[in-house]
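Written out below as structure tokens is the structure these notes cover.
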Amino acid sequence: MKPLMQGKKVLIAGIANDRSIAWGCAKALHQQGAELAITYLNEKAEPHVRPLAESLDARMILPMDVTQPGQMARVFEACREVWGELDGVVHSLAFCPLQDLHAPLSDCSREGFLTAMDVSCYSFIEMARHARSLMPNGGALINFSYLGSAITTGDYNVMACAKAGLEAATRYLARDLGPQGIRVNCISPGTIPTRAASGIRDFDAMLEHNRRHSCDGQLPTIDEVGGAALYFLSHLSAGTTGQIHYVDHGVCIHG
């Protein structure tokens, strides 16, 4: 049987290390034949990301800090020059200053709020805008949210606002880009011990809470999320767009 992603070209943004959700996605896509372009945040992050990308024979390994003007445009231009087109985009980017993440929402600074929205939400809108011209035959974009966008949970605070915005952006981008055959979906994993999650106060307690409230007593893994990403980036999800898809072993139905 032909691999699901054979001949497909996918840009992946957001790998920090081998515990990253985006790494789980990259592995799943590579195993099914996708050709990958992988970004890293900066020079400090490169030594952690480059060996992983090279292990998957990534065609391009590029820096991309979405807060730096021009970097995102250069990544997409590189994709245009090397590939000519894109079939998929994986956005796994989120950031908030710790003092604002840990503060009650009523004490969040304007700067912290804007930073969280810029990196975690607007960057996906900008990536979609760049990607659409590279998807003349259609394609798929995915991002990642969390249950805290819909209900209050743990120490999520301002990031809940950013993720709620990201989920809304998913729906509106699905509507905007649908006529071009571009699907846009959001995966909402449960609690996974990633580098980004380490900034959440009392995260161990959140892990245990979610384990107790899952339907099977299990927590999701990056490989399970990678399987969902494979579905949304392949033809298997041809009729699905604008959706929020939970990979949390049922925690979302318990709250």
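Cβ atoms here come from the backbone N, Cα and C positions, even for glycine.
All annotation found in TrEMBL is predicted automatically rather than curated by experts.
According to TrEMBL, the NAD(+) binding site annotation covers GLY14, SER20, ILE21, ASP65, VAL66, LEU93, LYS163, ILE192, PRO193, THR194, ARG195, ALA196. Among the features that TrEMBL reports, active site, proton acceptor is placed at TYR146, TYR156.
When the alpha carbons of LYS163 (NAD(+) binding site) and TYR146 (active site, proton acceptor) are compared, the span between them is 7 angstrom. When each of the binding-site residues ILE21, VAL66 is scored by how many other Cβ atoms sit within 10 Å of its Cβ, VAL66 comes out lowest. A Cα-Cα distance of 16 Å separates TYR146 (active site, proton acceptor) from GLY14 (NAD(+) binding site).
With respect to their backbone Cα atoms, TYR156 (active site, proton acceptor) and ILE21 (NAD(+) binding site) stand 18 Å from each other. Fewest other C-beta atoms within 10 Å: among the active-site residues TYR146, TYR156, that description fits TYR156. Cβ neighbour density within 10 Å is lowest for PRO193 among the binding-site residues GLY14, PRO193.
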